[in-house]
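Per Swiss-Prot, these features apply:
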ACT_SITE  Cys378  active site, nucleophile
ACT_SITE  His514  active site
ACT_SITE  Glu516  active site
BINDING   Ser13, Asp146, Ile147, Glu148, Lys186, Thr187, Lys188, Pro189, Thr190, Gln191, Lys222  CTP binding site
BINDING   Ser14, Leu15, Gly16, Lys17, Gly18, Ile19, Asp71  ATP binding site
BINDING   Gly351, Leu379, Gly380, Met381, Gln382, Glu402, Arg469  L-glutamine binding site
DOMAIN    290-541  domain 'Glutamine amidotransferase type-1'
Amino acid sequence: MTKYIFITGGVVSSLGKGIAAASLAAILEARGLRVTLIKLDPYINVDPGTMSPFQHGEVFVTNDGAETDLDLGHYERFVKTTMTKRNNFTSGKIYENVIKKERRGDYLGGTVQVIPHITNEIKRCIKLGADAFDVAMVEIGGTVGDIESLPFLEAIRQMRIELGSQRAIFIHLTLVPYIATSGETKTKPTQHSVKELRSIGIQPDVLICRSEKPLSMADRAKIALFTNVEKEAVISLEDANSIYQIPMILHAQHLDEIVVKKLSLEAKQADLSEWQRVVDMQAVQTMTVKIAMVGKYTELNDAYKSINEALLHAGIHTETKVEIIYFDAEMIEKHGALLLESIDAILVPGGFGERGVEGKIKAIQYAREHKVPFLGICLGMQTAVIEFARNVVGLTGANSTEFNKETLYPVLGLISEWMDADGSKQTRDESTDLGGTMRLGGQYCHLAEGTLARKVYGKSQIIERHRHRYEVNNKYVDSLVKHGLIISGRSADNSLVEMIELADHPWFLACQFHPEFTSNPRDSHPLFKEFVFAARIHHQEKDKK
């Protein structure tokens, strides 16, 4: 019988509900419980797939092909449960489901309202995602007091009544600001946030108080008094040097024990040695490398959240401090790739649209000609193919039909059909809705023997997650290969190019998929680990010159 932990946030947004939820989930998992996490987002978009990264940050793709909130990336990095389309629901998706039911006549001509129809659908989706787990942690997006969140808060209020206090508890995350000029922490915002929550019928069982410094026992007692929460259940969560320390910080204050008791769970003692090992390894850094991230959303780090974390994981497992230097591709387009002279490796991430493409191509040309380690992801692979076609094969003006439909040499184009991981055929065309034209989720990839890709992965077949519309045009593959491009990875049916590399380069790899989505701090991802290791070697060779 699944137990539920509902997590809300107050005072301000971006406090780290996702990290806190994932950290608690990691501790409960370390106690032998089967844990899943569900994110409820209050925006009206059906999913974040068509939202600007500047608005939303990265879109995290699950193995079953759902385009979801970036918090699901945190969830997968902290727990061993693989997230699915059942782990993220938006207001848009909830309303879409209800409207479809209304159109079918499921409500027998009744008036469809927020209560009970929308709230019932929210509860149904929560239970669907929680099925077969011991504990389901449900994070409510937004901040208490926002009008958009009200249906979700009402739904979880009802669930607490229906399930009882031993099957559902509330955790509220708040901010306790520190005023440097007076040297005081201020508890009033937390008091008001809880008051707002209680006004809609929700009494928190636990408070997690985000602060710059650890809260004193006096502050915790004061917060407990004014919020009607037990003093032991007021948890201080100060800023940490690494997010991977947070499970230990929460465990040290017995948060997991409080949760286990309140939910009457049978669980062994937590073994956090795995997380302690990650933190200890992160502290050992024998070298610093500078990796250039050449993209178009560089003003917002969250746009590349999983890549940032994957590079951090690689650094942990190679004793390397990875310093990511963000370069706006348009700046390289204007001022040239010499901006990259001090860099140890170059990474071109995914993206959509024409803006910045020529700058990415210049960066790739620099990496190829100057033998700088290079990793291209999704659009990064596509621009690597364009660069090679133009500057090595000699196909002047070669391009993707995404950027120039009239190009004489369409080395990349919209592929109308491909085979899914389960062997079924998938199709798309130019008239399909944007949300339906993507090749999404886990796909098989066969790696060619004797290639760098095969050496990096150490096996002949892999599954990686995709999110793209365009593919390498097979018409030009023979010409590309003839001039030295190696096709090191192909799709399950051998029809699509998935990975490329160069024979006359120390470390040049590009992939059509997104390896960052399957990296975690415990193991790292082999592609990122070897990329960072190549950056170390390049750094050492530069020092010798």
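Glycine is no exception: its Cβ is also placed from the backbone N, Cα and C atoms.
Taking the features listed in Swiss-Prot, we show where each one sits on the structure.
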{"residue": "Ser13", "record": "CTP binding site", "contacts (Cβ under 8 Å, 6+ apart)": "Gly142, Thr143"}
{"residue": "Ser14", "record": "ATP binding site", "contacts (Cβ under 8 Å, 6+ apart)": "none"}
{"residue": "Leu15", "record": "ATP binding site", "contacts (Cβ under 8 Å, 6+ apart)": "Gly9, Leu173, Thr174, Leu175, Arg210"}
{"residue": "Lys17", "record": "ATP binding site", "contacts (Cβ under 8 Å, 6+ apart)": "Ile7, Thr8, Gly9, Asp71, Glu139, Gly141, Leu173"}
{"residue": "Lys186", "record": "CTP binding site", "contacts (Cβ under 8 Å, 6+ apart)": "Val176, Pro177, Tyr178, Ile179"}
{"residue": "Thr190", "record": "CTP binding site", "contacts (Cβ under 8 Å, 6+ apart)": "Gly10, Val11, Thr174, Leu175, Val176, Leu207, Cys209, Ile223, Thr227"}
{"residue": "Lys222", "record": "CTP binding site", "contacts (Cβ under 8 Å, 6+ apart)": "Thr187"}
{"residue": "Met381", "record": "L-glutamine binding site", "contacts (Cβ under 8 Å, 6+ apart)": "Met499, Ile500, Ala510, Cys511, Gln512"}
{"residue": "Glu402", "record": "L-glutamine binding site", "contacts (Cβ under 8 Å, 6+ apart)": "Phe352, Gly353, Glu354, Leu412, Leu414, Arg469, Tyr470"}
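Long-range Cβ proximity for Glu516 (active site), meaning a same-chain Cβ under 8 A and a gap of 6 or more residues, is found for Ser306, Ile307, Glu309, Ala310, Ile377, His525, Phe528.
Of the listed recorded positions, namely Cys378, Leu379, the sparsest CB environment within 10 A is found at Cys378. Ranking the recorded positions Lys188, Arg469, His514 by how many other Cβ atoms lie within 10 angstroms of each Cβ puts Lys188 at the bottom. Within the group of binding-site residues (Ile19, Ile147), the Cβ with the highest number of other Cβ atoms inside 10 Å belongs to Ile19. The distance from the Cα of Gly16 (ATP binding site) to the Cα of His514 (active site) comes to 24 Å.
Mean pLDDT, taken over the domain 'Glutamine amidotransferase type-1' (290-541), works out to 92 on the 0 to 100 scale. Using Cα positions, the member of the recorded positions Ile147, Leu379, Gly380, His514 nearest to Ile19 (ATP binding site) is identified as His514. Here the C-alpha separation of Leu379 (L-glutamine binding site) and Ile147 (CTP binding site) works out to 38 Å.
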